[in-house]
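Peer 1: Dropping a structure here in structure tokens format, bear with me for questions.
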């Protein structure tokens with residue numbers, strides 16, 4: 001079946017190339033409604049505005065077709081005990097090497113994870129210190145502003161008190177002068 005499919009693909013390639021070549025030699029379309037090959041036949045059904053339609057008829061494979069050949073594997077030679085031992089040792093070395101490589105990879109991965117965690121802790125500590133410093137600075141600024149506002153308020157109250165005392169004194173002087 002696979003051989004038939006391959007032959008079909010090849011014939012279709014040839015068909016399109018044949019059509020191309022024919023159109024070069026014969027600019028006017030030829031009236032070839034049937035193309036015949038060894039194991040297939042192509043009939044043109046009708047022409048359409050969107051393209052052409054074909055009917056493809058595959059002939060059954062001939063009874064003399066070649067049976068799929070299986071390649072015989074080369075005969076294995078007998079291995080000696082030394083050769084078997086060498087192969088086993090080589091396999092053991094490969095296994096150990098692969099194991100060492102996996103362990104190395106895991107160690108590198110753990111080291112990377114440790115570095116990432118260390119960096120995250122440092123950044124967190126730096127952020128905490130910066131936030132604490134900003135908070136202390138802000139609290140100091142708020143305290144200074146509060147003290148300045150209180151001093152200004154006390155100054156205004158003292159000024160009002162002096163003014164009130166002066167007004168009382170002036171009133172007493174007026175009462176004494178008028179009385």
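Each Cβ is built from the backbone N, Cα and C atoms, and glycine gets one as well.
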Peer 1: Of 39-96, 97-154, which range does Swiss-Prot call region 'Regulatory/phosphorylation domain'?
Peer 2: 39-96
Peer 1: Just counting, how many other CB atoms are there within 10 A of the CB of residue 50 (phosphoserine)?
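Peer 2: The answer is 6.
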Peer 1: Measuring Cα to Cα, how many Å separate residue 73 (phosphoserine) from residue 50 (phosphoserine)?
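Peer 2: Distance between the two Cα atoms comes out at 53 Å.
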Peer 1: Can you grab the distance from residue 80 (phosphoserine) over to residue 50 (phosphoserine)? Cα atoms, rounded to a whole Å.
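Peer 2: For residue 80 (phosphoserine) versus residue 50 (phosphoserine), the Cα atoms are 71 Å apart.
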